[in-house]
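Some features that TrEMBL has for this protein:
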DOMAIN    754-875  domain 'Glycine dehydrogenase C-terminal'
MOD_RES   LYS686  N6-(pyridoxal phosphate)lysine
Amino acid sequence: MTFALRHIGPDPDAQTQMLKAIGYASLDALMDAAIPEVIRWHGTLALPPAASEEETIAELREIAGRNAVTTSMIGLGYYGTVTPAVIRRNVMENPAWYTAYTPYQPEISQGRLEALLNFQTMVTDLTGMATANASMLDEGTAVAEAMTLARRSSKSKSNVYAVDADTLPQTLAVLRTRAEPLGIELRLVDLDAGGELPAEYFGLHLQYPGASGAVRDHAPLVEAAHAAGALVTVAADLLALALLRAPGEIGADIAAGTTQRFGVPLGFGGPHAGYLAVRAGLERSLPGRLVGVSRDADGAPAYRLALQTREQHIRRERATSNICTAQVLLAVMASMYAVYHGPRGLRAIAQRVHDHALALAGGLAAAGVEVAHAAFFDTVTAVVPARAAAVVAAAAEAGIDLRFVDEDRVSVSCDETTTAAVVADVLAAFGAAPAVAAQCGARPLARTTDYLTHPVFSTHHSETAMLRYLRRLSDSDYALDRGMIPLGSCTMKLNATTEMEPVTWPEFADIHPFAPASRTAGYEALVAQLEAWLAEITGYDAVSVQPNAGSQGELAGLLAIRGYHRARGDVHRDVCLIPSSAHGTNAASAVMAGMRVVVVACDDNGNVDLADLDAKIAKHRDALAAIMVTYPSTHGVYERGIAELCGKVHDAGGQVYVDGANLNALVGFARPGKFGADVSHLNLHKTFCIPHGGGGPGVGPVAVRSHLAEFLPGDPLEPGDHHAVSAAAHGSAGILPISWAYLRMMGPDGLAQATSVAVLAANYVAVRLREHYPVLYAGNEGLVAHECILDLRPITKATGVSVDDVAKRLIDYGFHAPTMSFPVAGTLMVEPTESEDLAELDRFCAAMIAIKGEIDRVAAGEWPRDDNPLHHAPHTAAAVSADEWPHAYPRSLAGFPEGVDRAAKYWPPVRRIDGAYGDRNLVCSCPSPEAFED
Ligand SMILES: *Cc1c(COP(=O)(O)O)cnc(C)c1O
């Protein structure tokens, strides 16, 4: 059997049956009818023909073999680490964790929400800050978000952001990218050379320890900055903070960084969870997802996402940032590393790392090699006049990569994997030998406060306890390993095991992003091939996989447009037209790219209103930079007007950005780069099988036509004219083998078939549910694209039953809810994808129909509006089995509605959660165990 037949859920017989139900003779006939001819492409993708799973693994082994796993001591924010095997196998390689969705339905997400709360607690404890969010995309973007947070929160009128010259170079590159469009001026301050702070500035960024390894006492600078009305960000290494005074203890306003070295493999640059934490008073300006504690319908403590009104889904161009998909799976891993080691284990690891650095410095000093800084944690910079290249080469001979700083200096970073033998080898490369360990000058900055004091960090230290803790949390959650997740716009399709396997191979996992090119030929080949395949699929000329989420792809694409206009002298073009139906990230990204958002209306059929478009173009003709549209539209329809729309914008001198999140409806049938668009981002974590990870990782490649190619992101270590949107050249390179394997195994025919079946499945669901719930929008011949919107507003109006009630009731039936109230409030958007088989599609339709039957009984007055199975959904095992049952409907209906397999029932651990209560009483770190007692 070919892989395509395994990836695609409905088999040929089922497809025939589904086609019959919607009235088409074949998949081809369906696609001919559904896709407007103006965009239709009739070619065959020039991709290699499908390979089997075994062949694909063999090819990937060969590619991986071209990467050289070495001992990397390059440092610069990326370090060797030991992923505890129990975490690798039971989190990173476990579909119960990696196939979950972002925890917007908190009742079925308590496990990952608890893990994320542990993450937030770990970060707040170690940094000494009040509140941490649930992960950022990497250190560079976390620091950039800290800068804009400081801009929003500082009262200073200055546009100057002062930056420690000892900042990680890739962080500096991302800061530059993000500062320029916002009119923020970066001012580097060389602290060692006695550099002075600017006269006026709104914020100060400090690196701790510095890129050189130096540990400095930043307290006087924090004081000076506060006196000037500026906010201070400290980018701190969390492992160093196990030994060093925390940023919060010296009055920092914001702490940012990465949690990579807490057990997350290097992966040639990612994915890793960045972190961002703030002092009290700034939590409502904090970007990103924040987990909080609230209570459920029984008053029991329960977790959910807090303060969502800050986010782009609601605030759009006024959001705190464009971050949507973050790094949940990696944040879970890092938090579990802290749970596994606990405070004492963590301190011991940090001490060991530091001791190796001291041994290294001692050996160098004994041999007469100057060590640049007296105070350091893990990184020693050696001064070797004119000898740096020779030292680096000698170490490379021994299989150890050191950092060439400049001709006279070499840096060496110790990490958890460093041994005395490695230290001896490094010393040998310098022509030195082990000697008495140095004394560290950082002693006055030693940490005296506790961390990780919550019991969760001290109770799961045996492997048995750890395994059971992980199992208990993942058992609380509903992920793709239990059943369908029909979320519109999210494309929750199969993530095949064969696609996932290579990710944890050492030849992909253990490669430093700044390793010398001679070590990374496999990755370079894989990236080049994947970029070429994506260019072929989208019809564009050039692709960059650097953006580590869709939102970052949007920013990269808009910056390319900005760069293009500016290069032509069109500096005044700064208006971005965005339809009212657009995803919230679009507007937020446009603002980050220095653009003004102008909203274009949609007509009654959900299409972009071309008359309003004309009006907006006329009004902003000279300032028009771009239009951002999603195709197929966020309404799940192939709009016929797209080519005309592109023409109108081009005629006015604007560029067309097509948000490619819905590419699952196009692959093999239409190519945005050929139907009029100039740039798109794709979501490899939607269309191309990277699992959602409970809210990340993701990859958001940006694809452009040739005239924009020179404005694509560049290597953050060699920025030149190219901006970098993430801290590593290829972003989250470590998960690219997943998409590579998917394309390799599907081949051109399999991919086109997947698209057809995705469209078939959506239309099948639409046809089956249409008489029970109105389907809001349709295109050609009444067909939808790959998703459909069910309109609940008339039902809500007539019965009081809300989308929320239906979503929660679906949990009782064993389903994850569809997308709620996006893009239209009061509706559910269903995207079944090609991977769900007919039995599962039918089970979903049956559940939705049964729920409609329940709604009808409410409407008929059979059950009170405030006492029916919808109103009280979801039902826990505890509620259903309680000795008292005060409700107007039977227990059996509550717990085992029609079609539910009693032996395989999913029970949510909590009842419906009160979100507003949690926002009013904000608690964002682990509550004490007593809080759970009654
Ligand atoms: C998912 C999505 C995005 C954002 O992608 P992230 O990876 O979550 O940042 C943007 N636009 C649309 C239409 C989407 O569905």
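Just so it is clear, glycine is given a Cβ too, placed from its N, Cα and C backbone atoms.
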I'd like to know the mean pLDDT over the domain 'Glycine dehydrogenase C-terminal' (754-875).
97
Neighbouring C-beta atoms (10 Å sphere around the C-beta of LYS686 (N6-(pyridoxal phosphate)lysine)):
26
How many of the residues that make up the domain 'Glycine dehydrogenase C-terminal' (754-875) does DSSP mark as helix, as strand and as coil?
58 helix, 11 strand, 53 coil
With H, G and I counted as helix, E and B as strand and the rest as coil, say where DSSP puts LYS686 (N6-(pyridoxal phosphate)lysine).
coil
